[in-house]
């Protein structure tokens with residue numbers, strides 16, 4: 001075949017004006033300026049000499065990875081595999097799959113793109129493989145110049161990935177708030193070098209970082225994952241129920257994401273039960289929920305807020321003050337599990353004192369087939385939860401074989417426990433205990449967390465509120481611009497979960513509050529215009545959340561702002577107010593508010609009964625966090 005070097009350059013398309021070309025040049029210049037800003041900020045680590053990243057189009061890049069090569073990064077992008085296969089947080093992505101959003105903020109463990117070994121027939125023709133890679137890039141409109149550069153370094157065993165700039169309504173909303181405006185930017189480095197590949201990646205929205213900031217899989221974790229995947233894919237009698245437990249900041253959530261993504265490589269769906277009300281995965285904080293997971297989640301919780309299959313609003317981030325109601329909520333949610341697909345259960349990091357007793361009760365109640373216990377090597381946080389230990393040790397509400405002391409539950413709760421667990425705990429629990437000593441960055445050291453847990457909870461709430469944003473507009477609408485729903489007082493019951501409030505003050509408590517939108521089986525009956533107040537906190541379905549942005553006493557109306565669709569709102573007949581507060585930045589940092597900010601004041605009479613400033617816990621050691629978030 002004759003060489004094509006002498007082929008004349010193609011002329012501009014008919015009708016393309018000089019103004020259009022100028023606009024395109026300015027747009028490309030803007031992207032390059034954005035990339036160069038990373039150099040000036042000193043936020044790019046040394047380059048990997050084996051990495052090949054080429055600008056594919058405006059806001060897009062083609063990445064060529066050698067076999068087993070990985071790119072650890074912070075930022076966000078949309079990832080599409082064009083040739084070969086790549087793994088992200090355990091999930092394998094091939095050319096047959098659509099583009100997936102990937103979020104790697106510095107608040108969490110950095111993600112990595114890892115090229116997987118080529119799965120191709122041994123007798124495959126290298127020329128056909130090259131043609132397939134070239135055709136895939138053409139199909140996704142990769143520029144010819146970029147294709148030439150990639151194919152110059154192409155080998156049949158490599159992986160070709162398309163990275164695209166990612167902009168979603170949720171991330172736009174979060175980035176519009178001043179405290180989170182730099183949420184996806186890498187932390188500043190003192191010494192760095194900048195290469196062409198770095199500029200290309202930065203134009204997409206990601207920055208390389210050290211592999212030490214990414215997920216490090218220890219030997220114990222690898223062996224546990226291998227055994228759990230084998231058990232879930234074995235098709236034996238029954239399906240695995242996997243309970244993951246361990247102290248705070250040990251990496252339970254990271255392990256759960258990695259495990260579920262690995263399982264989704266083999267199974268169409270996985271059930272996930274969230275029992276950690278302080279750090280929830282798919283919902284705002286304060287919930288116990290059961291979710292059916294069919295898609296990988298490649299980011300922290302605030303990027304994948306969704307409606308679970310079953311959810312109860314507990315209303316607090318800790319159950320220490322009401323463990324009995326917590327047990328009732330867990331049993332209610334667990335009753336919806338049909339035992340058709342594997343279940344992963346996440347538990348709280350409260351494993352000291354009564355927390356360990358409560359965890360013992362949870363193991364007896366939920367009867368897992370596998371218990372994954374995560375702890376550091378010295379086992380200072382908790383004793384090994386062997387079946388023999390759980391059999392002998394007393395729980396908070398159940399007795400072990402040694403008949404230790406336990407709290408007394410009310411009669412109905414005790415009868416419910418016996419009906420589900422049997423009259424006595426006489427047999428040794430039948431589960432496999434798997435130990436994991438994690439090697440995640442800062443695992444097991446709560447004082448060295450990247451960001452405070454309260455900020456992570458606020459980010460989940462903000463991620464949920466981000467679903468209010470219209471999907472196809474590039475601008476961010478402030479929350480006060482949305483028209484709220486009008487709810488009559490006598491249409492819904494009302495209950496404050498975490499404290500007693502006098503009926504005369506109930507509207508002051510509800511106004512400008514975060515509420516659970518719930519459904520109770522009883523019909524709401526009211527002889528007057530309301531409000532309808534419940535005397536006890538129900539254990540009921542929660543369909544979503546909202547903000548009571550106003551109470552209109554004259555017309556007896558609540559004004560509720562929520563992303564819950566109208567067809568689900570028709571089922572809501574109860575508002576539950578818990579100890580979960582609206583993030584401060586929602587009140588003080590939104591655009592478009594002039595003059596006095598509603599519900600925010602610096603002049604207040606603290607002599608009023610029930611009022612007072614928030615007190616700092618001075619006896620706690622001040623923590624240092626690598627990610628700073630200023631809400632003031």
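Just so you know, glycine gets a Cβ as well, placed from its N, Cα and C.
Annotated features, as they stand in TrEMBL:
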type: COMPBIAS; residues: 1-10; note: compositional bias 'Basic residues'
type: COMPBIAS; residues: 11-24; note: compositional bias 'Low complexity'
type: COMPBIAS; residues: 400-419; note: compositional bias 'Polar residues'
type: DOMAIN; residues: 60-204; note: domain 'NOL9 N-terminal'
type: DOMAIN; residues: 246-375; note: domain 'Clp1 P-loop'
type: DOMAIN; residues: 482-583; note: domain 'NOL9 C-terminal'
type: REGION; residues: 1-26; note: region 'Disordered'
type: REGION; residues: 400-424; note: region 'Disordered'
### Task
Mind looking up the mean pLDDT for the domain 'NOL9 C-terminal' (482-583) in the predicted model?
93
### Summary
Taking DSSP H, G, I as helix and E, B as strand, the domain 'NOL9 N-terminal' (60-204) contains 43 helix, 43 strand, 59 coil
### Query
What is the three-state DSSP composition of the domain 'NOL9 C-terminal' (482-583), stated as helix, strand and coil residue counts?
15 helix, 38 strand, 49 coil
### Summary
For the domain 'Clp1 P-loop' (246-375), the DSSP helix/strand/coil residue counts are 41 helix, 25 strand, 64 coil
